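Taken from Swiss-Prot, the feature signal peptide applies to 1-20, supported by sequence analysis. Per Swiss-Prot, the feature disulfide bond maps to CYS60-CYS66.
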Amino acid sequence: MFTLKKSLLLLFFLGTINLSLCEEERNAEEERRDNPDERDVEVEKRFLGGLIKIVPAMICAVTKKC
């Protein structure tokens, strides 16, 4: 029973370290992405994507030829 507890404790410890390293890596990626130019490009892509979906519906509504 003691060896089982010991191995479970070891697995928990290693898992905690792994999650900690992943979180640090994710934070580093977010810091690199905080460049204002990149954020503007992302916003522009989202805006144009939504606009492309809406334009055909607006044309149909205005011309009433769908």
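Cβ atoms are placed via backbone N, Cα and C, with glycine included.
What you see is a predicted model, and the numbers here were worked out from it, not measured in a lab.
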Item to check | Distal contacts, the signal peptide (1-20) - CB-CB under 8 A, six or more residues away | outcome: none
Checklist entry - 10 Å Cβ neighbour count around CYS60 (disulfide bond)? => result 11
Checklist entry - Hey, does DSSP put CYS60 (disulfide bond) in a helix, a strand, or just coil? => result helix
